[in-house]
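Enquirer: Just lifted these from TrEMBL, have a look:
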- 70-94: transmembrane segment (TRANSMEM)
- 143-165: transmembrane segment (TRANSMEM)
- 174-191: transmembrane segment (TRANSMEM)
- 203-223: transmembrane segment (TRANSMEM)
- 235-254: transmembrane segment (TRANSMEM)
- 274-296: transmembrane segment (TRANSMEM)
- 303-320: transmembrane segment (TRANSMEM)
- 326-344: transmembrane segment (TRANSMEM)
Amino acid sequence: MSRNDDDDKHPLLHSTPEGSVKIPVASVSIGREATQTKGNMKTTILVWLTLQNSIHTLLIRYSRAREVDAMFVSTVAVWLTEVIKCFICLFLVAQEETPRRFIYALKTQILEQPFDTLKVCIPAMIYIVQNNLFYVAASHLDAATFMITSQLKIFTAAIFTVIILRRSLNTTQWFALGVLFVGVSLVQLQGTASKTMDGESPFTGFVAVVVACCLSGFAGIYFEKILKGSAPVSLWMRNVQMAVFAIPSSFLAIYMQDAKTVNEYGLLYGFDSIVWLTVLWYGIGGLSVAVCIKYADNIAKNFATSVAIVLSTIGSMFLFDFIPSLTFLLGAALVIFSIFLYSSHQSMVAALGRLRGEIPTTKEAFCL
């Protein structure tokens, strides 16, 4: 048997002994490039999630704990965050659609489907209350304690997953939730020599975080149920739908809670570069969940959260004279351990699925 002369001239085929299978060199090269690009994307997302989580915690604490002549109104900050998120999502929707179809997409997805839009009303309202509570917590808790305590959202999301979605947790996951609860309790019981502001109440901050985590857990699972039971809509369009309720309701909250201050000094009372940076970072961070869901797996997410806890603690030591005790460090270690332990089951299932060449059915990249 003789080789086809055309094969020798083909630039995409590798020369092999007679009778053997020829390997398309270009395909191998493209596959390697795709794998490398995917790895670079995961690394980028890992670094971004780490910086976003840690810087966000330090920013929100610094904006509330620093000594200034005029302290900004947190309800105004929440409202501006929702406005910024809406503009970002509108821009991303416009990128998905042609300029001519942009207005048509908004009309058909929001105005012509009122019942579908109304479904996101509840989580939109809940997130407004949650964000206001996080500002309250940041006013009373140091950044490290705030960061660690907010991981209770994993606990509340798991509980609402069992109640609302009727899913079951395995023994390892229940044990991880118990470890998480113990770790957060130790963090709250720790005695520190950190610098505090007049009028700070760690108990008030703790209650605010716990309530916010409960609301976050419920809203997240409720929103997941909505997404599963509705017609396919892009994540950016869903955020625009939520903004329809979030922006007016958060603006109403300003006058329900801080009408006197706003009427006397204006909406932007106390706003400076630090506050604007906090608001912008908060808005971008809220949309980072979508990026996490799309690109980051559980290992990357957990690693980012764990490093963010460490960075927040170190940042608190330098910025706020925070001195962690051994009890605090033990509690933080337990929280980090529980985060990895809770998702170990899903990660193992996903890994086995990839080995078999299957697509995992679990939400491997779900960000709590």
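Cβ from N, Cα, C; glycine included.
In TrEMBL, annotation is done automatically, which means it is predicted and not curated.
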Enquirer: Hey, does the transmembrane segment (174-191) touch the transmembrane segment (326-344), meaning at least 3 C-beta pairs closer than 8 angstroms, sequence gap 6 or more?
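Expert: Between the transmembrane segment (326-344) and the transmembrane segment (174-191), contact is present.
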Enquirer: State the residues, same chain only, that lie 6 or more residues beyond the ends of the transmembrane segment (303-320) and have a CB under 8 A from a CB inside it; answer 'none' if no residue qualifies.
Expert: 46, 49-50, 53-54, 57-58, 61-62, 65, 142-144, 147-148, 151, 194-195, 296, 332, 335-336, 339-340
Enquirer: Given a Cβ distance threshold of under 8 angstroms, which distant residues of the chain, six or more beyond its ends, lie next to the transmembrane segment (203-223)?
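Expert: Non-local partners: 120, 122-123, 126-127, 129-130, 133-134, 136-141, 145-146, 149-150, 152-153, 155-161, 164-165, 188, 368.
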Enquirer: For the transmembrane segment (143-165), give me same-chain residues lying six or more residues beyond its boundaries with a C-beta closer than 8 angstroms to one of its C-beta atoms, as numbers and ranges.
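Expert: Long-range Cβ neighbours of the transmembrane segment (143-165): 53-54, 57-58, 60-62, 134, 137, 173, 177, 180-181, 183-184, 187-188, 190, 202, 205-206, 209-210, 212-214, 216-218, 220-222, 224-225, 305, 308-309, 312-313, 315-316, 319-320, 322, 324, 328, 331-332, 335, 338-339, 342, 368.
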